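According to Swiss-Prot, the protein has these features:
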- Cys100-Cys105: disulfide bond (DISULFID)
- Glu48: 4-carboxyglutamate (MOD_RES)
- Glu98: 4-carboxyglutamate (MOD_RES)
- Glu109: 4-carboxyglutamate (MOD_RES)
- Cys114: cysteine amide (MOD_RES)
- 1-21: signal peptide (SIGNAL)
Amino acid sequence: MTTSFYFLLVALGLLLYVCQSSFGNQHTRNSDTPWNRCGSQITDSYRELCPHKRNDAGKKRGQASPLWQRGGSLSMLKARAKRNEAFHLQRAHRGVVEHCCKRACSNAEFMQFCG
């Protein structure tokens, strides 16, 4: 009786181990696995995957630009070029949303938007 009891315990232990290891891998994500990133997940991924880039746009809002403080020495073409740069930055942000939120993207694909 004791031998069959120990055999049953070992069998149950092995079964538990197999179940735990197979279900435990369901929730882990490989870095190359594409997944959808939306909202704050895009920001978190940007901070994690693009550490060499900083986005200071939010800090500069409300402050006068040093270029505008020069007393009108900029031509209209330079001012328009500056506006166009900001427009392209906004479009690049929409590109990351289009590519990684509405469709899934991997870390390697996301890093193409680091710039």
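Each Cβ is built from the backbone N, Cα and C atoms, and glycine gets one as well.
Within 10 Å of Cys100 (disulfide bond), judged by CA to CA distance, lie the following modified residues from the set Glu48, Glu109, Cys114: Glu109.
Over all protein chains present, the Cβ of Cys100 (disulfide bond) has 22 other Cβ atoms lying within 10 Å. A Cα-Cα distance of 12 Å separates Glu109 (4-carboxyglutamate) from Glu98 (4-carboxyglutamate). Glu48 (4-carboxyglutamate) and the residue listed as 'cysteine amide' have their C-alpha atoms 11 Å apart, to the nearest angstrom. Each of the recorded positions Cys105, Cys114 was scored by how many other Cβ atoms lie within 10 Å of its Cβ, and the smallest score goes to Cys114. Looking only at other Cβ atoms within 10 Å, the busiest spot among the modified residues Glu48, Glu109 turns out to be Glu109.
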